[in-house]
Amino acid sequence: MADPSALPPIPSNIANLTTPILVGALLDYFLFGILTLQLYVYQYSFPEDKLSVKLLIWFVYILELAQVCCAAADIYYWFGAGYGNMIRLDTVYISPFDTPFIGSVVAFVVQLFFCYRIWKLRKGDWYIVVCVIIALISVLQLIGGTVGGVSVHFNKYFDVIRQVDQIYAYIWLVGEAVADVLIAVTMTYLLLGSQSEFNFQSRSVANKIVRLVVQSNSLTASVAVTSVIFFVVAKGANYFIASTIILGKLYSNTLLATFNHRIFLRRSVEKIPYSNPSDYTSSSNGRYPASVARRDQS
């Protein structure tokens, strides 16, 4: 055990260092609970989904399970075994693995899923180009998160990290935000721009899909941009930890929400008066307007 008299004194701005970590960790656990609930709902509601879809969802969930376990180890290191020890509080420990690395991997997987979804919805040359651009930006943010995590690991201390060039963090976070905006804009244009091909019932379902895509991608992009702002304007504090630690959970919850949203779409369709059988298509999980179902299959 270190001699307490040899430890650095607790600074007056200690709350700027500890509060963001605690708030971020609590939000991380909260979002993991929501993710677990979403996984249960998905398993119960869509048992006949493709194996590839189930593997995708479980892969993301296992990554998030590993992340939340590592985050718990970080909290114990900083506030349990290291309570009152400013050297431990300044040490990154395993946070470079559970935040920038796992977070960028989860973002990469979810963004590629949306690329695939866009490509399946409309296979025109213009959309293929957009998918390639989004995929390249997503690869770039993955590289930024991975290399940034390695850099943080070797720098070892938060105080050092706040003083050195954060180019990899900017690549990671700005890349995520740009990819999310492109996904939201493309999906919105694709669905709303094609409403002339929809009947009235299909337009209502398409609007619900657009609303979910825009809201979820706007949230992840906003949190990523907020993290960049914290990096730039609050170099003497740990505010960036509160936002970056939850990014992965926002992406994974977005993925599950996208699949589980079919429950609400099905209910919307069931409320529509039956008209022409040709206006609908059947699936293992219910009947949907054919014009939307053709675009919503992935």
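Here the Cβ of each residue, glycine as well, is placed from N, Cα and C on the backbone.
What TrEMBL records for this protein:
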{"type": "COMPBIAS", "residues": "276-286", "note": "compositional bias 'Polar residues'"}
{"type": "DOMAIN", "residues": "177-262", "note": "domain 'DUF6534'"}
{"type": "REGION", "residues": "276-298", "note": "region 'Disordered'"}
{"type": "TRANSMEM", "residues": "20-43", "note": "transmembrane segment"}
{"type": "TRANSMEM", "residues": "55-79", "note": "transmembrane segment"}
{"type": "TRANSMEM", "residues": "99-119", "note": "transmembrane segment"}
{"type": "TRANSMEM", "residues": "126-147", "note": "transmembrane segment"}
{"type": "TRANSMEM", "residues": "167-192", "note": "transmembrane segment"}
{"type": "TRANSMEM", "residues": "212-233", "note": "transmembrane segment"}
{"type": "TRANSMEM", "residues": "239-259", "note": "transmembrane segment"}
Across the whole of the domain 'DUF6534' (177-262), what does the mean pLDDT come to? Round it, please. 86
As a quick check of your reading of DSSP, tell me how many residues in the domain 'DUF6534' (177-262) are helical, how many are strand and how many are coil. 75 helix, 0 strand, 11 coil
Long-range environment of the transmembrane segment (20-43) - Cβ separation under 8 angstroms, sequence gap at least 6: 57, 61, 64-65, 67-68, 71-72, 74-75, 78-79, 237-246, 249-250, 252-253, 256-257, 259-260, 263
For the transmembrane segment (239-259), could you work out the same-chain residues 6 or more beyond its ends whose Cβ comes under 8 Å from its Cβ atoms? 16, 20-21, 23-25, 27-28, 31-32, 34-35, 38-39, 42, 46, 49, 53, 56-57, 60-61, 63-64, 67, 71, 95, 98-100, 102-103, 105-107, 109-111, 113, 173, 176, 212-213, 216-217, 219-220, 223-224, 226-227, 230-231
